[in-house]
Every structure is written in structure tokens, then in C-alpha cells.
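Pulled from TrEMBL:
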ACT_SITE  C80  active site, nucleophile
ACT_SITE  H143  active site
BINDING   D40, D41, C80, D290, N291  Ca(2+) binding site
DOMAIN    32-356  domain 'Sulfatase N-terminal'
CARBOHYD  N205  N-linked glycosylation site
MOD_RES   C80  3-oxoalanine (Cys)
SIGNAL    1-23  signal peptide
Amino acid sequence: SAMDVCLIQTLILFCSLICCFWADTPSNKSTPNIIIILMDDMGWGDLGVFGQPSKETPNLDSMAAQGMLFPNFYTANPLCSPSRASLLTGRLPVRNGFYTTNAHARNAYTPQEIVGGISRDEILLPQILKKKGYVNKIIGKWHLGHRAHHLPLEHGFDEWFGAPNCHFGPYNSSDRPNVPVYNNSQMVGRYYEEFGIDKKTGESNLTQIYLEEGLDFIFHQNMAQRPFFLYWAADATHAPVYASKRFLGKSQRGRYGDAVMELDYSVGQMLAWLRALGIDKDTFVFFTSDNGAAVMSGPKQSGSNGPFLCGKETTFEGGMREPAIAWWPGHIPAGTVSQQLGTVMDLFSTSLSVAGLSVPDDRLIDGLDLSPVLHNNTLINRPIFYYRGNEMMAVRVGPYKAHYWTWSNSWEEFNRGINFCPGQEVAGVTTHTQQEHTMQPLIFHLGRDPGEKYSISAVTKEYQDALSRITAVVEKHKKGLVPGVPQLNMCDMAVMNWAPPGCEKLGKCLKAPKSQPWKCDWPH
């Protein structure tokens, strides 16, 4: 409500006025707080600082001006669940099990009928942070499996407010249950029931609830002098997009823009809260998104990937290049732009480094520690791998990107009006059949041609030089690749959110159908 928002602003002002009295409070400098803010389906081109014409993200733009902007930052997969699994494990989906072998190069995720989830064999960031006494909270979407043994509190998080799946719905409770919302290990309601989302008007208070949960968590951990890790994963920019009443109708961009404006406001409130509490210099904050904008949903329900090709679900730049900002006053030089190639997996290694901890030494970690980049704006030479399911589709080395496979989506889907590259068909590139180019990869120079429209001629010296560099990287990668056990192959209607923990107290338990597992069908 507007009253709650005013209360938050009053509290921030109040704390700003009295923070001088807390100046002598011991600081967690040896164990800085960590906040990772992960957007859902937000595109590279959705931020004013990246050129969005309406300039409606003043707080994120200020965050970039006070911190470090990464124009070359990537997700680990062009879809939600695998990218989130990679962020928290520091490993490619093909290693951590968040992929399918049911068909070649298919995107898989965790809908309600998925049997699998994050494996107990994987080590997640919050599990390691506990060694240094961190209190870990996730707010928002989990998406690493919704069965009891897959939930966040079983994998290193101490607290959770949010949901295990996307906010699709409403459902009629007989064919499919509405998705539960959890407070820690117990459900406290369901989307479209206790937690309203009006699909007609786009109104929902969820982002505001998530903001209040975040501010409250920061306040209480600071009062208790405990270092904390907050993973703030709001999902308002995922279709069906929503915003609270205060923000509806405010954007030049329509309802999607309203959602972006509320998320931008929320980030601004969290950073202001850190300053008011006097812990901004003791808190490392990183903002990014889980995959590119879902352009197949159309302009009313999706964002912008700027100059990049296609979007979510694809391994073109629009599907995997993300907005990214690092903020840590007194540690990260303000107003810097880093040309470092980064990935969400780096947040695993970098967060551990910030906390004074080491990455696990019993497995291959794909994430790099970006601390030298953050502190000195140095550049680390590293490749970017673009995976779709079980296939390495493309690789970037320096400014060059080589496509070994191309595919947008099938002719069958395309002819039904599902278009992953609206208005951006590039002949021989955005193909509707899976095209193999391993004998002669398509190579683009992403500095000159960020939209992947002009492949470099294979007869040129530039092509041959780039190919030789990239081939060496690919051979090394494939030689050391041991794929994990795929977790996203099996589906079963019986495992949906029929009777989540805590449903008895609320009278919200539903009867599950008989178990009839099948191999999930992943169309793209």
C-alpha cells in the first residue's frame, strides 16, 4: 500500500538522521554482506543506462554511476531454471544437471510437473557462506525444484519468502494447483488466491511485499551484527507481468515498463536502506537478469534486448547477454565501465572471494573470481560458452563469437505464431531447423556487429585467425567436460504442488492424481 511505501521512506530518513550515533558500531568489514539482485526475463536494453529511450530506471542508472557497469555480461543458459542453478553452483547447467537429454539442444526448466530439481551432490553458494556465519535469505522465485527435498532451506538458505515456480495461473485446482507461496519451509497461501495477481489489470502487490521482506531482513541482520547474503529474485517482469497500483500506468512502455519502474524503485530503496544503516561500504551488491527478454511474448508482456539478436530461449546475444551492475562504495571505483566478459556463474566465485572463502576443490567450477576486475578494472581472458540443453551452440573468445549450431525454434511452432526473433530474421542464422556448422562455424565480430547480422567471410585471414583461437578453446572445453546426470528428463502430474508443507494448517491441501511418470516433452 501507499502507506507502507511512505513508512519505508520515513524509516530510511529516520535511520539516516540517527546513523551518526551508530558510527562506532563494529563493522563486518572482514565478512562483507552480499546482495544479489536477479531480475526475471529482463533484457539488456531495459535500462536507461543501456539506452532505453524512455529513461525510466533512474535508480539503476545511479547504481551504475556509483559502481561498475558490465556491457558484456552473460547468463549460463537462455532460460530461467538452468541459469539460476548456475548462479548458485558456479557451474554450467550441463555440469550441474539442469538440462535434458530427451532430445537434442532443447531448453528444459522446472514446471510443476517436473520430477527433478537441484541435486544434493551440488554445493550451493549459501552452503559455503555458512562457514563464515552468514545468514542466507532468498526472496522471490527459487525455480530449482518444488518437491520438499529440493526447496531452498534444504540447500543452505536459512530463510525464504517466495515461490518455487513461475506465477502462471490461475488454475482450477483439479487439473493443476495454483503455485504456493512460502514463508521459510511452510506455505502461507497460493498465487491468485491469498496472493492476488489480476491478469486483466496487471495489479499485484508482490514486488512491494518482496521489497518489505528484503528491507526487514537487512535491518534485523544488521541489528544482530551478523553478515548476510540476500538473494532477491523478484519476478514481476516475467509474463504475466504485474505492478502495484502506485506504478500501474506510469510507464511510457505500458505494463511491462510499469513493472520495470517498480523494480527500479525497489533497488533504489534497498541501496538507500544500506546507506541509512551505515553499511553501504560493507555490502557488495550485484544486479543482473536470468536470461534475455522474452520477445516471443510481444511488447505488452516483454522487454528489450537492445541491439542484440532474438531473445529468451535462443543462444543468440539477445537470449544470453544481460544487464549487469556491481556496486560497493569505497571498494569499486564509481562510474567505471568494464569490458570484462562475465557470467552469472562468476557471482558464485566472486561472492565467496568477497567473503574470504575458497571455491570447492573437488569439482570443476566455471565461474571466475572477478575481484581483480571490480577493484582494479583489470581484464581476465576467458571464453563464454552458449549452451542450449545438451549442446554447445556457440562460443565467444574476445570479440569473436562462433556458432557451431543455429536454431531459433521449429517451423511447426513458428507457423503457430510463436516467434523467438520477431522482426529479426537473418537468413542462414535464425534458422527454424537445427543447423550444424561445426565444419565451418559462423563467426561474428560482436564489437562491430552486436546484432549478429554480418558473418565474417570464411576465406579471410580474420576468419582463419579467429577460428584457430576459438578451436583451441573448444577442444580444451570438450576434453574436460563430464556432463552431470540430467535432472530435467522426467515429468509426473502427481508431483505438482498439490499438498505442499503447511497446507494442512491453511486447509489448502489438494488430492494428487495417481503417479504416471513420462519423459517430458521439451519442444524448443
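Just so you know, glycine gets a Cβ as well, placed from its N, Cα and C.
The 10 Å shell around the Cβ of H143 (active site) contains 28 further Cβ atoms across the protein chains shown.
Around N291 (Ca(2+) binding site), taking its Cβ as the centre, 32 other Cβ atoms fall within 10 Å, counting all chains. Comparing CA positions across the recorded positions C80, H143, N205, the one lying closest to N291 (Ca(2+) binding site) turns out to be C80. Taking the mean position of the Cβ atoms of D40, D41, C80, D290, N291 as the Ca(2+) site, the remaining residues of that chain whose Cβ falls within 8 Å of it are M39, M42, T75, L79, S83, D235, H238, S289, A294, K312. Sparsest Cβ environment among the binding-site residues D40, D41, D290 (other Cβ atoms counted within 10 Å): D40. Note on proximity: among D40, C80, D290, the recorded positions of the record, the Cα nearest the residue listed as 'N-linked glycosylation site' is that of D40. Note: the CA-CA distance between D41 (Ca(2+) binding site) and C80 (active site, nucleophile) rounds to 8 Å.
Among the recorded positions D40, C80, D290, the ones whose Cα sits within 10 Å of the Cα of H143 (active site) are C80, in sequence order.
Of the recorded residues, C80 (active site, nucleophile) and D40 (Ca(2+) binding site) place their C-alpha atoms 7 Å from one another. Of all Cβ atoms in the shown protein chains, 26 besides its own fall within 10 Å of the Cβ of C80 (active site, nucleophile).
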